[in-house]
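Visitor: Have a look at the structure that comes next, please.
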Amino acid sequence: MADTLEFNEIYQEVKGSMNDGRLRLSRQGVIFKNSKTGKVDNIQASELAEGVWRRVALGHGLKLLTKNGHVYKYDGFRESEFDKLSDFFKAHYCLELAEKDLCVKGWNWGTVRFGGQLLSFDIGEQPVFEIPLSNVSQCTTGKNEVTLEFHQNDDAEVSLMEVRFYVPPTQEDGVDPVEAFAQNVLSKADVIQATGDAICIFRELQCLTPRGRYDIRIYPTFLHLHGKTFDYKIPYTTVLRLFLLPHKDQRQMFFVISLDPPIKQGQTRYHFLILLFSKDEDISLTLNMNEEEVEKRFEGRLTKNMSGSLYEMVSRVMKALVNRKITVPGNFQGHSGAQCITCSYKASSGLLYPLERGFIYVHKPPVHIRFDEISFVNFARGTTTTRSFDFEIETKQGTQYTFSSIEREEYGKLFDFVNAKKLNIKNRGLKEGMKQSYDEYADSDEDQHDAYLERMKEEGKIREENANDSSDGSGEETDSSFNPGEEDDDVAEEFDSNASASSSSGDGDSDREDKKPAKKAKIVKDRKPRKKQPESKKGKDPNAPKRPMSAYMLWLNASREKIKSDHPGISITDLSKKAGELWKAMSKEKKEEWDRKAEDARRDYEKAMKEYSVGSKADSHRGERSKKKKKKQEKQVKGKGDKKGATSKSSSSKSPAKGMSDSFKSKEFVSSDESSSAESKKEDSEDEGAASPAASSEDSASGSD
């Protein structure tokens, strides 16, 4: 048989709520760890008195009773696990795991039995319900009635506030059954009563949460905070952890008390009690007990007369009464030498302390996160400045904590700490949506590249691209207010090779039509160069020689496959790092060989560049000559158009349309040969000959009239 049994997703019933966690049974005893608070319940095997298996709402449950009267309930087991648990209890605990079913008759009349810290309401031999008396906050009596009030639990969706029992009168003289019932309840109930004097009192201590100055009275079983407005009574059983944290200014100390359940004031819950002390404050303390009682109770941890710093005395007394260790910062040291990091959480500035087993943030609101409940951490760039970053923590329950505005200088120290604690790092890059791998950002070695600088360069590139896109978008917005069809016509006229001829041919139109194209042409002139700006930025000549590689890049290209074969499955980033290490460790003689190859490549590149520059100059000269020739031809065509326009004006009113169509010649019909000028002269003479007979016939017609 196995020496241990482990069960996940087991629920422990505590004050009306079900806390999930993990249950482990071993030879030494039973251990349950709460997933939410991290609190561990340890039951020694020698303390177990009884084990009960029964059917409950969440499947099947296990109830354990100890010899000192404590009751522990664990639910969430499967029916098939009974045999395994029963055999384990017989073999290791020498206990018979009894099966008891609850009574479901629905009767409300039965017998109350008190067993240890448990009140059981039974019908016959079967229990109907059970009440742990530690959940009772108050017990009041009336005529034949006893009322039990319970501690309110914030974690429970529905809380039971009170239960009333009717106790019938009896014929026995001198015994009041109602009072007897109440005394049995009060003897085991968690009712805080300040009986007797306090062990010691600390006056006017500065408290950050809840805010104010309080007198702290130390009683044997609870802590009493007495302020001007509010009073709080804190049982030592609700204290989970104690923290003693040095302030960043090295002149003050935080003493933090973690509470579960929290103290309440109206609808406000305080899960942490934070006291602030100055290191310069001293105190002489005398306990309100004789030396024998102090020695017997505290076993040398406290003495009757003590003196020292105020924060040391408070922490020492609390440690002895609560019987818990005080957590202090570990070996973490920030950029400034402090054991904490200045940051912001939920718009309030505070201090983040990396501890040996978690993180704690003070003070508004206080947050404690254990390493075992962290799913992953994330380093992210802040949205407002490049001189700080954000540290994000996500728990396994899906809760996310973001500590922002951390100074850039703290990044290396914090990353090394997280890496040493083997926390899962999942970097999601910039918050604006830029995807970035963690390796480029998280490199904290000084001799490596600056990850921040690379990120800022990438941001600049994206910002420039966005600016170009926005300029194009603004141009499209201005275009949308015009008619697209008219726009196309205007563009064709503006960039036509014979724009002046076409504009002069429309002189016969009205003035309104003359003004309209002029306005559109002006708009097009303002708009078109802006659209062509991105095109002018494009491009690099594909025929230009490529730049030579450095000695390292030549070696890397030659060695890449060998590194991949030596380290199968290596990522691109790790391959680059490994190559850098190999290159750094390479001997000087081998590096000189690659330096010579790089020098040869550089000389070849310079030679190719000279040849390329000579060829490009010759091409540019030829291009300039061809441009001059085209301009000369365009001027000739323009002169002919002006001449034809004058001829068409002197002709009759019937011929202008014909003259206008003949005089206009677009760029496609202009020949580049020298014969084009002779042909155009011949066409002009033919046009003139055709025009003269038409004129003479019109004269004769007018004479006959």
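Just so you know, glycine gets a Cβ as well, placed from its N, Cα and C.
Below, the features straight out of TrEMBL:
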type     : residues : note
REGION   : 459-551  : region 'Disordered'
COMPBIAS : 474-496  : compositional bias 'Acidic residues'
COMPBIAS : 497-507  : compositional bias 'Low complexity'
COMPBIAS : 517-531  : compositional bias 'Basic residues'
COMPBIAS : 532-544  : compositional bias 'Basic and acidic residues'
DOMAIN   : 545-613  : domain 'HMG box'
DNA_BIND : 545-613  : DNA-binding region
REGION   : 609-705  : region 'Disordered'
COMPBIAS : 624-633  : compositional bias 'Basic residues'
COMPBIAS : 634-645  : compositional bias 'Basic and acidic residues'
COMPBIAS : 647-663  : compositional bias 'Low complexity'
COMPBIAS : 690-705  : compositional bias 'Low complexity'
Visitor: Using DSSP, break the DNA-binding region (545-613) down into helix, strand and coil residues and give each count.
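Guide: Taking the DNA-binding region (545-613) as a whole: 56 helix, 0 strand, 13 coil.
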Visitor: When secondary structure is assigned with DSSP, how many helix, strand and coil residues does the compositional bias 'Basic residues' (624-633) contain?
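Guide: Here the numbers are 10 helix, 0 strand, 0 coil.
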Visitor: Note the mean pLDDT of the DNA-binding region (545-613), expressed as a whole number.
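Guide: Mean model confidence (pLDDT) across the DNA-binding region (545-613) is 87.
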